[in-house]
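*Asks:* Reproduced below are the annotations present in TrEMBL:
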type: BINDING; residues: 10-15, D35, R40, 91-95, 132-133, E166, 278-281, R348; note: NAD(+) binding site
type: BINDING; residues: 162-166, 222-226, R262, 269-275, 340-341, R444; note: substrate binding site
type: ACT_SITE; residues: C278; note: active site, nucleophile
type: DOMAIN; residues: 334-449; note: domain 'UDP-glucose/GDP-mannose dehydrogenase C-terminal'
Amino acid sequence: MKIKNICCIGAGYVGGPTMAVIAQKCPNVNVTVVDINEKRIKQWNDPDVEKIPIYEPGLSEIVKEARGRNLFFSTDVDKAIDEADMIFISVNTPTKTYGIGKGMAADLKWIELCARQIAEVSKNDKIVIEKSTLPVRTAAALRDILDSTGNGVKYQILSNPEFLAEGTAVEDLRNPDRVLIGGDIETEEGREAMEALVNIYATWVPREKILTTNVWSSELSKLTANAFLAQRVSSINAMSELCEKTGADINEVSKAIGMDSRIGPKFLKASVGFGGSCFQKDILNLVYIARTFNLNEVADYWEQVIIMNDHQKRRFAANMVQTMYNTVAGKKIAILGWAFKKDTNDTRESAAIYVADYLLNEQAEIMVYDPKVTEEQIYSDLDYLGTRSGDANRQAVTVVNSPYEACEDAHAIAVLTEWDEFKELDWQKLYDKMLKPAFLFDGRRLLEPKTKKEIGFEFYAIGN
Ligand code: NAD
Ligand code: UDX
């Protein structure tokens with residue numbers, strides 16, 4: 001089966017970069033990314049490619065090359081569905097904020113809307129691909145909805161979870177550890193659909209890295225991968241607290257255990273807590289699924305990863321207060337970094353939001369500098385928590401365009417994102433601008449301690 005037209009529903013952090021790379025690698029396939037968010041589509045179509053809505057190293061260059069050639073961004077969802085042979089569903093699946101499963105289950109309302117729209121619009125057979133991260137067995141629900149019209153259109157449903165990490169999305173897409181495709185391996189049509197998608201990826205991914213499985217394994221593997229990754233961060237963060245009490249150093253511990261080839265060196269960096277749109281949401285979803293099957297021990301086991309992460313964010317902020325003589329009321333604190341990790345403008349579930357909220361509850365005054373996050377986003381993140389009014393957030397938090405401005409008359413600095421540029425700052429200049437004693441809290445183990453202490457900083461780093 002030769003695929004000519006691909007449609008991707010959802011022009012977000014996954015749909016945008018993934019489709020841009022497919023379009024670049026498969027110039028003979030037309031790729032249309034659609035979204036109901038008009039502002040987002042307008043930004044994707046901005047003549048200035050630096051203004052596309054997602055910041056990822058290397059992304060704007062690809063968009064520049066492929067946009068208008070075989071990569072299109074549009075709000076006309078019906079048209080793109082109608083024309084497509086293959087439809088990726090890449091819409092958001094956040095944690096439910098209402099009703100049954102509130103705070104735990106994934107909210108599948110956007111997925112269901114997509115399925116209904118595909119069923120309503122389609123006139124010829126389609127391959128429908130779950131690109132969003134979904135609870136295991138969602139494909140069965142999609143099947144019910146798609147087949148409900150009785151209009152004779154045939155669908156093949158595949159699961160093709162995305163493993164890219166933000167900040168390295170382009171590199172991860174170009175050079176993935178593996179591509180996972182789940183489908184109906186029992187039938188000829190199912191195998192054909194899987195082969196069609198394998199062929200797209202095989203344009204640039206070695207075949208031995210393209211894995212095919214049944215749909216349920218594919219759906220569950222995505223939740224499992226995120227649970228394992230997040231568990232490593234919580235495990236190392238748990239040890240970071242023990243390091244602080246015992247004189248051990250978490251970086252040395254990470255290195256020592258990571259050299260064991262059974263453990264491996266990656267994802268062992270202690271931090272102020274993991275953030276991002278995926279880890280927490282996907283583990284909560286896993287916990288919820290386990291509980292619905294009455295697997296309470298399984299649920300409790302994974303829930304602990306989240307409990308540890310919440311503790312890590314809270315204890316970092318609490319330690320700041322305690323170190324600064326048990327009060328930060330009226331004190332100015334500079335937060336360097338708001339994104340949940342470096343090289344992205346995404347702030348979803350960023351530890352910085354929670355640390356700031358904690359400090360605001362202690363009546364601190366906060367200055368924020370992040371090289372890629374907008375002022376509007378920072379206020380919206382704080383407002384979303386609902387801890388205090390929007391006015392109160394705007395009164396207590398100032399967003400500035402330079403780290404030096406953030407540190408003017410500050411009592412303390414908290415480094416909460418590991419942006420490379422923070423390593424290169426003129427730390428003497430920052431120190432000179434601050435009130436003394438000048439406290440420096442490194443939530444990322446980014447900074448070299450010796451030189452900071454020599455300058456005169458009261459230096460605290462996680463796990464040291
Ligand atoms: P996102 O919020 O950035 O983008 C989703 C987009 O879908 C939004 O722009 C929204 O307007 C659009 N949308 C929602 N309903 C729609 C509809 N009915 N029709 C058209 N557009 C619609 O989300 P994201 O970060 O790209 O994540 C998408 C999915 O991919 C989620 O399931 C997530 O768990 C998964 N995922 C995300 C990452 C990541 O790093 N962000 C990595 C792997 C997997
Ligand atoms: C994650 C998964 O890595 C990716 O495979 C999946 O597709 C989406 O979710 P992402 O959330 O974009 O990707 O970034 P990731 O690099 O995994 O970092 C997540 C959080 O963990 C960040 O806040 C990061 O700072 C933190 N982290 C990561 C640590 O604190 N220590 C580490 O060693 C690694």
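Placed from the backbone N, Cα and C atoms, the Cβ positions cover glycine too.
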*Asks:* Ligand 2: which of the recorded positions G10, A165, G273, C278 have a Cβ closer than 6 angstroms to it?
*Replies:* A165, C278
*Asks:* Could you state the whole-number distance in Å separating the C-alpha atoms of Y13 (NAD(+) binding site) and A165 (substrate binding site)?
*Replies:* 10
*Asks:* Of the binding-site residues E162, L223, A270, F340, which sits closest to T95 (NAD(+) binding site) by Cα distance?
*Replies:* L223
*Asks:* Hey, how far is N92 (NAD(+) binding site) from N226 (substrate binding site), Cα to Cα, in Å?
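*Replies:* Each residue's Cα considered, N92 (NAD(+) binding site) and N226 (substrate binding site) end up 16 Å apart.
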*Asks:* According to DSSP, collapsed to three classes, what secondary structure does T95 (NAD(+) binding site) have?
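*Replies:* Going by the DSSP assignment, T95 (NAD(+) binding site) falls within a strand, counted as strand.
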*Asks:* As a check: which entries in T95, N226, F340, the binding-site residues, place their Cβ less than 6 Å from an atom of ligand 1?
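*Replies:* Near ligand 1: none of them.
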*Asks:* Find the average pLDDT over the domain 'UDP-glucose/GDP-mannose dehydrogenase C-terminal' (334-449) in the predicted model and report it.
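*Replies:* In the predicted model, the domain 'UDP-glucose/GDP-mannose dehydrogenase C-terminal' (334-449) has a mean pLDDT of 98.
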*Asks:* Using C-alpha atoms only, work out the spacing between L223 (substrate binding site) and Q280 (NAD(+) binding site) and round it to an integer in Å.
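*Replies:* That separation, Cα to Cα, works out to 11 Å.
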*Asks:* Can you break down the domain 'UDP-glucose/GDP-mannose dehydrogenase C-terminal' (334-449) into helix, strand and coil residue counts using DSSP?
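*Replies:* Counting residues by DSSP class gives 44 helix, 19 strand, 53 coil.
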